[in-house]
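Here's a structure for you.
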Amino acid sequence: MIRNVRIQYRHKCMRFGPWQTALLHKSPIPSCCAYVLIVTAVYWVSEAVPLGAAALVPAFLYPLFGVLKSSEVAAEYCKDTTLLLMGVICLAASIEKWNLHKRIALRMVMIAGAKPGMLVLGFMCCTVFLSMWLSNTSTTAMVMPIAEAVLQQLISTGSLFAASHLTDISTSQEVGGTLIGEDGLVTAISIPEPKKEKESKDSRYPTKRDHMICKCLSLSITYAATIGGLITITGTSTNLIFAEQFNNRYPDAKVINFGTWFIFSFPIAIIMLLLTWVWLHFLFLGCNFRETCSLSKKRKTRREMLSERKIHDEYIKLGPISYPEVVTGVFFILMTLLWFTREPGFVPGWTSLFEKKGYRTDATVSVLLGFLLFLIPARRPFSRAPRTTAGDGSAERDPDPLAPMITWKDFQNLMPWEIVILVGGGYALAAGCKVSGLSVWIGRQLEPMSGLPPWMVTLLACLLVSAVTEFASNPATLTVFLPILSALSETLQINPLHTLIPATMCVSFGVMLPVGNPPNAIVFSYGHVQISDMVKAGFGVNLIGVLVVMLAIMTWGVPLFNLTEFPEWAIDRNVTGSL
């Protein structure tokens with residue numbers, strides 16, 4: 001075996017020129033790869049240049065240092081997940097163009113009602129659902145204006161609300177902090193004490209409770225967007241990074257697809273959604289869940305009825321559901337079903353109908369349906385042209401009767417090319433670590449951790465990743481940590497999924513600072529919350545997320561991914577990497 005390695009090495013040197021051969025002898029490949037990794041990571045963390053530009057560093061340093069050929073590096077920048085993302089963006093463009101997202105959000109809020117607790121839960125549910133399919137940033141940017149309109153309605157009716165209750169005091173008797181009116185109903189009155197008057201910067205809020213509602217609803221949206229992004233493999237860029245790097249490193253695994261990821265992550269999202277709602281309610285609205293979550297019409301105040309009317313008016317403005325909305329909804333359902341039934345695992349999927357196996361992936365489905373959106377006319381056959389909504393809210397009739405559901409401009413407006421290049425840079429770094437042997441070297445340095453149980457290793461990885469991602473971008477953090485955690489798992493003989501999946505999920509929990517992720521910045525820009533509010537609420541959400549992910553990987557994740565054994569596909573990779 002050693003002789004074969006030496007022969008391969010000699011042939012390699014013969015292929016290289018004098019400069020490359022000298023470089024090969026004087027500067028070991030693993031150290032060169034480590035240098036490229038460190039330089040790229042520093043640019044990502046410091047954001048001295050745009051993230052997409054920093055992701056191009058391996059494209060010129062790897063060829064210069066002889067780690068990878070230029071053609072090999074270039075191939076890493078466009079993978080199967082790139083096509084998957086492009087197909088999803090086509091569907092997202094159609095959803096946003098025809099206002100289907102707004103109809104879904106308003107309808108769900110109408111169902112929830114205007115009670116503060118139920119209003120927050122309603123917005124969180126619709127945000128989670130939309131964030132499963134749209135990017136977290138797009139979802140937050142879409143839902144926040146709707147929430148802001150509701151909050152402004154609450155604020156504008158605050159003075160009227162207080163005045164109406166002060167009028168009721170003249171005909172009521174005060175008993176133990178509550179007011180018993182002439183009709184015998186108990187009404188809770190919230191009158192700000194003189195010592196707790198608002199400062200000038202908070203003067204736009206009639207009462208402290210109004211400010212607390214604004215904080216709670218604003219933060220709930222960014223947290224719900226993060227939770228929703230965990231559910232699907234396309235929900236956030238970090239999920240895509242994990243899927244592609246895992247499939248590249250372990251091509252024989254065949255365990256990560258849309259269905260298995262959804263089965264694992266959906267319970268996590270439900271538990272996190274409920275616990276996060278309870279935490280925010282306790283933090284900003286108190287513990288009186290009966291008062292803030294009642295669906296009884298008798299308990300509704302005048303301002304809550306006005307808020308419900310405002311939401312209903314916004315929904316009426318959308319008009320009846322249009323033909324393009326129906327087509328988009330059908331494509332949405334069809335894409336989901338095809339993803340689920342491709343390789344469900346417990347029964348043969350639709351790919352078994354084809355003779356050749358392994359040729360069709362989730363990207364095949366998304367690109368096919370995305371392409372059809374450029375072909376199908378937005379006008380119903382034998383009918384008048386549909387109305388599209390202009391930027392100022394006015395309706396415009398499309399002059400072209402054969403105009404498609406989406407145009408290339410619609411696609412370009414939503415396509416996150418910077419994320420595509422960033423993900424490609426991560427793939428390039430991973431490929432360099434694999435070829436150079438750096439990942440094996442890192443794994444050997446981590447051998448002292450072999451005495452720790454698997455759950456402790458996973459917990460340490462989750463805490464480390466969730467801490468770093470508060471100050472660095474989520475994709476950049478995950479791209480740096482995935483090769484390290486993979487090598488660590490192989491060295492400790494732990495199923496790599498035991499550490500990689502929790503780390504991938506915890507990297508999204510950068511919710512304590514406005515710079516943690518774009519949804520945080522969007523919510524912070526509305527001015528309802530301060531950094532101290534985000535830190536206090538985000539710490540609780542971060543802790544909830546880590547605990548729920550650990551619960552999942554130790555319970556239903558074990559039989560789903562067979563985590564009790566070190567799999568053969570990891571053994572093969574470990575042996576190959578060692579050679």
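Placed from the backbone N, Cα and C atoms, the Cβ positions cover glycine too.
Whatever TrEMBL says is automated annotation, not expert-curated.
Sharing the feature lines straight out of TrEMBL:
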TRANSMEM  34-61  transmembrane segment
TRANSMEM  81-100  transmembrane segment
TRANSMEM  112-134  transmembrane segment
TRANSMEM  221-243  transmembrane segment
TRANSMEM  255-280  transmembrane segment
TRANSMEM  321-340  transmembrane segment
TRANSMEM  361-378  transmembrane segment
TRANSMEM  419-443  transmembrane segment
TRANSMEM  455-485  transmembrane segment
TRANSMEM  537-558  transmembrane segment
List, by number or range, the same-chain residues at least 6 past the transmembrane segment (112-134) whose CB is under 8 A from its CB atoms?
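For the transmembrane segment (112-134), the nonlocal Cβ contacts are 88, 91-92, 95-96, 101, 104-105, 140, 142-143, 147, 150, 213, 216-217, 220-221, 223-229, 231-232, 234-235, 269, 273, 276-277, 280-281, 285, 289, 292-295, 299-300, 304-305, 307-308, 311, 332.
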Would you call the transmembrane segment (537-558) and the transmembrane segment (255-280) in contact, using three or more Cβ pairs under 8 Å, pairs 6 or more apart in sequence?
yes
State the residues, same chain only, that lie 6 or more residues beyond the ends of the transmembrane segment (361-378) and have a CB under 8 A from a CB inside it; answer 'none' if no residue qualifies.
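Residues 80-81, 83-84, 86-91, 93-94, 98, 233-234, 257-258, 323-324, 327, 331, 334-335, 338-339, 342, 386, 398, 401-408.
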Against which stretches of its own chain does the transmembrane segment (34-61) lie, if we need a Cβ under 8 Å and a gap of at least six residues from its ends?
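Sequence-remote neighbours of the transmembrane segment (34-61) are 67-68, 70, 73-74, 77, 417-419, 421-426, 428-429, 432-433, 438, 471-473, 475-476, 479-480.
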Any chance you could find the range in 81-100, 321-340, 419-443 with the most Cβ pairs under 8 Å to the transmembrane segment (221-243)?
81-100
Cβ under 8 Å to the transmembrane segment (419-443), counting only same-chain residues 6 or more beyond its ends: which ones?
29-30, 32-34, 36-37, 40, 51-52, 54-59, 62, 67-68, 72-73, 76-79, 81-82, 85, 237, 240-241, 244-245, 248-249, 475-476, 478-480, 482-484, 486-488, 490-491, 577-578
